[in-house]
Amino acid sequence: MLSALARPAGAALRRSFSTSAQNNAKVAVLGASGGIGQPLSLLLKNSPLVSRLTLYDIAHTPGVAADLSHIETRAAVKGYLGPEQLPDCLKGCDVVVIPAGVPRKPGMTRDDLFNTNASIVATLTAACAQHCPEAMICIISNPVNSTIPITAEVFKKHGVYNPNKIFGVTTLDIVRANTFIAELKGLDPARVNVPVIGGHAGKTIIPLISQCTPKVDLPQDQLTAVTGRIQEAGTEVVKAKAGAGSATLSMAYAGARFVFSLVDAINGKEGVVECSFVKSQETDCPYFSTPLLLGKKGIEKNLGIGKISPFEEKMIAEALPELKASIKKGEEFVKNMK
């Protein structure tokens, strides 16, 4: 089962399950008892790249930690429960992954989650700024288009802001794009790579199918349809789960893939590239997802948008107003915090 999980999308994920991989990454998962947090913690526990795994939530973490601790892999697991234990969970961490928050229900957009998740992310990232200011911060909590600006503003307030270490995890958009294009063209999804830029909600998700490797040719009707499916794939899962949650397993997989790529880069591996929603100067939007070359200190180089088609140019132009509004909403939230 786990070998099948390890197979697709991303050499980093495959390597993380190999016994030859050696590392001592200390990783914390905040929101570890939730629908994404539990399978994400399982994937992290299963990787030899991780030597210490600390799990935090406001309920059930001792049980999740006890369960995971019985797995015969090298990562030492410890659970932390409630705000008073959060500092100990974070001390010494190299990477912090935050999937905490409420999931979407049918009829909700990612933006509908803002009121609840904004304060959760602000609280957790404030603790990160205080107790592990040098760690890489990976935000999964939606709406990512707003929670990344929130994280940045919180770190600025604490005087420890480093834009090269704060990542909005958009990897699921890439995973979905790879899968859907592979299905459409009869390809092995493990060998397909579609960069996805922009943001992480609806029309701000911009798959660059013109840059797909291997190169694929699609008629405009298929291109429009598959682009729409990639943009609304999260809603597809929310509807299919019929009120029982949102994408959890695929999101955990994508989150683990991003963390393993980051750890590979921290270890000095060269040529590690992932897309992520970060502080950016690629457009007139202050945050934007593009392919990033990762390194020991986080973002080594923003690889930018590259050559794109007129269809993709149009999508960027249409996405920017919504993206700017979501970013401003996040920034204003922190400014108005007491």
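Keep in mind that glycine also has a Cβ here, set from the backbone N, Cα and C atoms.
Annotated in Swiss-Prot:
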ACT_SITE  ASP173  active site, proton relay
BINDING   ARG104, ARG110, ASN142, ARG176  substrate binding site
CARBOHYD  SER33  O-linked glycosylation site
MOD_RES   LYS78  N6-succinyllysine
MOD_RES   LYS78  N6-acetyllysine
MOD_RES   LYS91  N6-acetyllysine
MOD_RES   LYS165  N6-acetyllysine
MOD_RES   LYS185  N6-succinyllysine
MOD_RES   LYS185  N6-acetyllysine
MOD_RES   LYS203  N6-succinyllysine
MOD_RES   LYS215  N6-succinyllysine
MOD_RES   LYS215  N6-acetyllysine
MOD_RES   LYS239  N6-succinyllysine
MOD_RES   LYS239  N6-malonyllysine
MOD_RES   LYS239  N6-acetyllysine
MOD_RES   SER246  phosphoserine
MOD_RES   LYS269  N6-succinyllysine
MOD_RES   LYS296  N6-succinyllysine
MOD_RES   LYS296  N6-acetyllysine
MOD_RES   LYS301  N6-succinyllysine
MOD_RES   LYS301  N6-acetyllysine
MOD_RES   LYS307  N6-succinyllysine
MOD_RES   LYS307  N6-malonyllysine
MOD_RES   LYS307  N6-acetyllysine
MOD_RES   LYS314  N6-acetyllysine
MOD_RES   LYS324  N6-succinyllysine
MOD_RES   LYS324  N6-acetyllysine
MOD_RES   SER326  phosphoserine
MOD_RES   LYS328  N6-succinyllysine
MOD_RES   LYS329  N6-malonyllysine
MOD_RES   LYS335  N6-succinyllysine
MOD_RES   LYS335  N6-acetyllysine
TRANSIT   1-24  transit peptide
>> I'd like the number of other C-beta atoms within 10 A of the C-beta of LYS324 (N6-succinyllysine), please.
In response: 17
> Within 10 Å of the Cβ of LYS78 (N6-succinyllysine), how many other Cβ atoms can be counted across all chains shown?
Replying inline: 19
> Once near-sequence residues are set aside, which residues in the chain of LYS335 (N6-succinyllysine), 6 or more away, have Cβ atoms under 8 Å from its Cβ?
Replying inline: GLU153
>> Name the residue among the recorded positions ASN142, SER246 whose Cβ has the smallest number of other Cβ atoms within 10 Å.
In response: SER246
>> Considering Cα atoms only, can you say which of ARG104, LYS185, LYS328 is the nearest neighbour of LYS269 (N6-succinyllysine) among these recorded positions?
In response: LYS185
>> To see if you understand the setup: which same-chain residues, six or more apart in sequence, place their Cβ under 8 Å from that of LYS239 (N6-succinyllysine)?
In response: PRO106
> In Å, how large is the greatest distance between any two Cα atoms among ARG104, ARG110, ASN142, ARG176, the listed binders of substrate?
Replying inline: 18
> What other residues of the same chain, not counting ARG104, ARG110, ASN142, ARG176, have a CB atom within 8 A of the CB centroid of the substrate site?
Replying inline: PRO143, HIS200, ALA201, GLY234, THR235, VAL238, SER246, ALA247
>> Please report the Cα separation of LYS307 (N6-succinyllysine) and SER246 (phosphoserine) in Å, rounded to an integer.
In response: 34
